[in-house]
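Participant: Please find one structure pasted underneath; my questions will follow.
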Amino acid sequence: MTKNTSLTIFMVVLVIGMLYTSIFIKYSDRTCHVYIKAENCEIDQCNWECGTKYKRVGVQGLCVPPGFDPIDQACLCSFNC
């Protein structure tokens, strides 16, 4: 192989690696949120429902808005996209 061909192949591999790394880093830290309607929001039930529905690492359930009666709250699931 000539010097130019080797250099071209090296540059193409380098650029593809840089693009892959930047895309992976860009989308790996995003957090998604989904509301689940509940008749009576309880934190343990909310965590369990979120964990079974979204089987991912870092799933957390929270009853929102805080300070309201459980009947008026909804379950907010947060997880890594």
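Placed from the backbone N, Cα and C atoms, the Cβ positions cover glycine too.
On a predicted model such as this, the values are computed, not experimentally measured, just so you know.
So Swiss-Prot says this about it:
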- C32-C81: disulfide bond (DISULFID)
- C41-C63: disulfide bond (DISULFID)
- C46-C75: disulfide bond (DISULFID)
- C50-C77: disulfide bond (DISULFID)
- 1-21: signal peptide (SIGNAL)
Participant: If I restrict to non-local contacts, at least six residues apart, and a C-beta distance under 8 angstroms, what lies near C63 (disulfide bond) in its own chain?
Facilitator: A38, C41, E42, I43, C46, P70, Q73, A74, C75, L76
Participant: When a 10 Å sphere is centred on the Cβ of C50 (disulfide bond), how many other Cβ atoms does it contain?
Facilitator: 22
Participant: In which DSSP state, out of helix, strand and coil, do we find C75 (disulfide bond)?
Facilitator: strand
Participant: Judged by the number of other CB atoms within 10 angstroms, which among C32, C46, C77 is the least packed of the disulfide-bonded residues?
Facilitator: C32
